[in-house]
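Database features, via Swiss-Prot:
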- 27-83: region 'Disordered' (REGION)
- 35-72: compositional bias 'Basic and acidic residues' (COMPBIAS)
- 95-117: region 'Disordered' (REGION)
- 157-169: compositional bias 'Polar residues' (COMPBIAS)
- 157-277: region 'Disordered' (REGION)
- 177-186: compositional bias 'Basic and acidic residues' (COMPBIAS)
- 206-219: compositional bias 'Low complexity' (COMPBIAS)
- 226-274: compositional bias 'Polar residues' (COMPBIAS)
- 429-455: region 'Disordered' (REGION)
- 437-455: compositional bias 'Low complexity' (COMPBIAS)
- 477-800: domain 'Protein kinase' (DOMAIN)
- I483, G484, H485, G486, T487, Y488, G489, V490, V491, K520: ATP binding site (BINDING)
- D651: active site, proton acceptor (ACT_SITE)
Amino acid sequence: MGESNTAAPPSRSRSLSASIKGLFGKNSISSNEINGKKEAFVQSGTREDQRYNEEHHLKKIDTKASVPKKDTQLSPLSAPGSYLKKSTSIASSLHLNSGKQSVTSSRAQSISSDGNGFLSQESFISEEHEDDIDDTTYYDKSTRGFTNLSKEVESYSISRKNSIQQSRKASVDDNEVDKRNAHFPDSDTTIDSVLGDKNKNQKVMNQINSISNISRSGSVPANPPILSSKSRRGSNAMSIRSPSVRSTASIVSGNSNSEVITPSSKPATQNISEDGNIKKTDNTLKCVINSKHFKVYENGFHEHHLPVIDLVKGDSTDSLNSSTVSKGTEGIEINRQKSSFSLTGIFKKKNGDKMNELLDTEPFGNASSLMPTKAFCPRYKTKDGSMIEEPLEQETTHKKIPKIVNPYAAVGSEELKLITTLSDKIKKGLKNKDGQSRSGSQSGSASSSLHTSPVASSTSLSSKFHHALVTCSEKYGDPVGVIGHGTYGVVRVCSRPLLISDSAPFPSYCNDKKLFFAIKVLKPKDDEQLEKFSTRVTSEFIIGHSLSRRHKAHALQNKVCPSKRLAHKAQRKLDWECPNILRVIDLMETNNTFIEVMELCPAGDLHSLLVSRSQSGNAIGSLHPLEADCFMKQLLRGVQYMHDHGIAHCDLKPENLLFHPNGLLKICDFGTSSVFQTAWEKHVHFQNGVIGSEPYVAPEVFQLGKDYDPRLIDCWSCGIVYCTMVFGQYLWKIAIENKDSLYASFISQMKDENQFSLFEELRHVNADLNKLRKNVLYNMFQTNPEKRITVDKILHSSWMKHTRCCVSYNHSV
C-alpha cells in the first residue's frame with residue numbers, strides 16, 4: 001500500500017467504455033496484482049491518497065445565531081452537550097435573498113458534452129445507529145430529545161396546550177408512563193412526539209430508546225396500530241407492530257429483504273380482509289399540517305399525494321405504490337388530480353401537434369431486444385422468501401478476466417461482456433441504414449425480464465420466456481402518448497394490460513388494470529460519429545441497468561473468497577436493491593432506432609414539483625421542511641447506494657429526480673455518471689474535466705487540470721438540491737467567485753464571519769433540528785473538498801437520524 005500513500009489516486013475518462021479499454025493491460029494499476037503481489041481489497045469508500053489517510057473531520061463552524069457565546073467555536077455535530085442546552089424561538093417566516101435566480105425561470109443549461117414491502121414509515125432514529133454512532137458526541141444526555149413545535153410557528157397552527165398538560169401528568173404518575181405507547185404519546189399536537197419534550201423525565205426517554213431498538217431489530221418495520229386515547233392509556237403492550245400489518249408484509253412482498261415503501265402513512269388502524277383488501281377503522285389521528293399534496297399527523301407520520309400525469313389515468317384510481325398492486329391486493333387510493341408534470345429531467349416539453357406527429361411517424365412496435373439471453377440472471381425465491389439470482393455461466397472463449405477484488409462494484413465481468421455485445425450490435429444496426437427490424441433475424445437477441453413471471457402476452461413464454469424473441473409491443477404494450485423530447489429523441493409512455501401471470505414486484509408503475517413503461521427513443525444526430533453514439537448509449541444503459549437490479553451475492557462471494565462467508569454487513573450490501581434508483585429494464589432496436597425501456601414515474605420530477613408549488617400560491621415555490629427532509633434522505637440513500645457500488649452520478653439536479661405519487665424518489669439519467677471503481681480495482685479513480693449543470697457543480701470541478709473525487713461533487717450537488725427545495729431558488733448560478741456575485745458573497749461571509757446569512761435564516765418546525773440541519777449544510781458546502789462531509793456521514797448525522805422518511809430501509813446506513 002506504500003505507493004498509494006505517496007501518489008494521488010489515478011484519474012480516468014468519464015466514458016465507461018473508454019475506462020474499460022486497456023483495463024487489463026500489463027501496466028494497468030487496476031489489476032488486482034501489482035508486481036506479482038496481491039493486495040487486500042479496499043472498499044470504494046476508502047481513499048488511497050495520502051490526503052485521505054484520515055477520516056473526514058467536520059469543520060468547526062461558528063453559528064452565532066441562537067448559540068451561547070462561549071460555544072460559538074463548536075459545531076453541533078461534534079460539540080459537547082452544553083451546545084444544545086438552550087434554544088431560541090423560531091421565526092415565523094423565511095427571509096430570502098431576493099437577488100437569487102428563481103427556480104421557476106429557465107432551467108440550468110447542462111455543461112456536459114455529451115420493494116416491495118408493505119405500509120410502514122421509517123423511525124426518526126435510523127436502524128442500528130447505536131452501534132455506529134454515539135449520540136453523546138453531539139449533545140448531552142440531559143438534553144436528549146428535541147423540543148416540540150414552537151408557539152411562534154404560526155404557519156403550522158399547532159397548539160401545545162394538551163401536550164404540556166400531558167407532560168405534567170406524566171411526571172406525576174409513573175405508572176401511567178409505563179403503560180403508555182412510547183411512539184404514540186397521548187398528545188393531540190405533537191410532531192416530534194417520538195423524541196419527546198425536554199420537560200419529560202429521563203425515564204420516558206429511556207423507554208423511548210428501548211422501543212426504538214425493538215423497531216430497528218425487525219426485518220420489516222411496520223406501521224404501528226393507532227389506538228384511541230383510552231386504549232393507549234389502558235394498554236400494557238409496548239409493541240410497536242401491528243400483527244395484521246406484519247403478516248400482510250410477508251404475503252405481499254414475497255421478499256423479506258426488500259425495502260419497505262410507505263405509499264400512505266395514514267394513522268389509522270389497518271386490517272386485512274379475507275379478499276386481501278385494506279379496511280381502515282375510524283381511529284384516525286389529527287392532521288396538523290394539511291397542504292394539497294403533503295399531510296403530517298400528530299404522531300409525526302406524514303404522507304405525500306403527488307398528482308400523476310393524465311396519460312396513466314384510466315377508469316380506475318391509480319395505486320400509490322405500483323409494487324403493491326397484484327391480483328387480490330390493493331394499494332391505498334387517492335383522489336385523481338390533473339397534472340402537467342413530465343419527465344423534464346430527460347426531455348423538454350413539446351407542443352401537442354409535434355408530439356402526435358412523432359407518435360405517428362416513428363413506430364417501434366416491432367423492435368426487438370439487443371440483450372443477450374445470458375445478460376439477465378433468472379431470479380428464484382428461497383425458502384425464507386428472499387429473491388436471489390442464478391449466477392451466469394462463464395464463457396470459456398472469453399478473454400481471461402482478473403480476479404474480482406471489489407465485490408460491491410456494479411460494473412463487473414458480466415457488464416464487461418455486455419458492453420462488448422451491445423456495442424457490436426449497435427454499430428451493426430447503425431451501419432445497416434436500409435435494414436428492417438431485426439426481430440427474428442438476430443440469433444443472439446432475446447427478451448429480457450427482471451422477475452420470475454413473463455411479461456409478454458404469448459402463453460408460449462410461460463416456461464422459457466428468456467429464450468423467445470418478443471417485440472416491444474408484446475412486452476411493453478403500445479404507446480399512449482409522448483411526454484417530452486430532447487436532443488437525441490423522444491420519450492413515450494407505453495402501456496399493456498395487467499396479466500394474471502404478472503406478479504409483484506412489478507418492473508414499473510401499475511394501476512389496478514395496466515402496466516406503464518417509459519420508452520426513451522434514441523437516434524444519432526446527423527453529424528454524430530457512430531463510435532461516439534454507441535459509447536453514449538451503451539454507457540448510460542449499462543450503468544442504469546447494473547444499478548437497478550440486485551447483485552449476485554452468492555456468485556460474487558465465491559469469486560472473492562470461496563472458503564469464507566462475507567461479513568453480515570457486507571452480505572447485506574451485496575443483496576440490497578435500492579428503491580431510489582430508476583429501473584432501466586431493456587435496450588431494443590429497430591430500423592436504426594434504439595429504444596431504452598425504463599420504469600415510469602408518473603408524478604414527474606422535482607423541478608416540475610417546485611414550479612407547480614410556485615404556480616399554486618406559494619410565491620417562492622418551496623417545500624415544507626419536513627417534506628424536503630424526507631426527499632433529502634431518499635436522495636442521500638440513493639447516492640450512497642451508487643457510491644457503494646463504484647459509481648458517482650455527477651449531474652444531480654431537480655430535473656433528474658423523479659417521483660411516484662406516494663413520494664418515492666428515483667434518481668435517473670446516468671449518461672454522465674462516472675465509474676470510479678470496478679470489480680477488479682482496489683483504488684478509487686479520481687476524475688477531471690467540467691461536467692454537470694452549472695448551479696449544482698462543486699467549485700473544484702472548475703479548476704482545470706486538477707483531479708477531484710466524483711463522490712464529493714455528488715455531495716455538494718445534494719446540498720444545492722436541498723437548498724433549492726427549501727428556498728425555491730438556486731443559491732447561485734455558478735460556483736466561480738469572479739463570475740457570480742452570490743457565490744462571492746458566500747465565500748466572503750464564510751471567511752469573515754464563519755457563517756452564511758441564508759443558512760442562519762433557515763427555519764424548521766423544531767429549533768434543535770434546525771441547528772443540526774444548518775451545521776450539516778455548512779459541512780456539505782466546504783469549498784475545500786478534503787474537508788467536505790461525505791454522504792455516509794450525512795446519513796449518520798443527528799439531522800438525518802431524526803428525519804422521518806416515507807421509505808423504511810431494512811439496509812442500515
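Any Cβ shown, glycine's included, is placed from N, Cα and C.
Since we're looking at a predicted model, the values are computed, not measured.
For the residue listed as 'active site, proton acceptor' paired with V491 (ATP binding site), the C-alpha to C-alpha distance reads 20 Å. In this structure, V491 is the one among the binding-site residues I483, V491 with the smallest number of other Cβ atoms inside 10 Å of its Cβ. Around H485 (ATP binding site), taking its Cβ as the centre, 19 other Cβ atoms fall within 10 Å, counting all chains.
The number of other Cβ atoms within 10 Å of the Cβ belonging to G489 (ATP binding site), over all protein chains shown, comes to 21. Looking just at the domain 'Protein kinase' (477-800), the mean pLDDT is 87.
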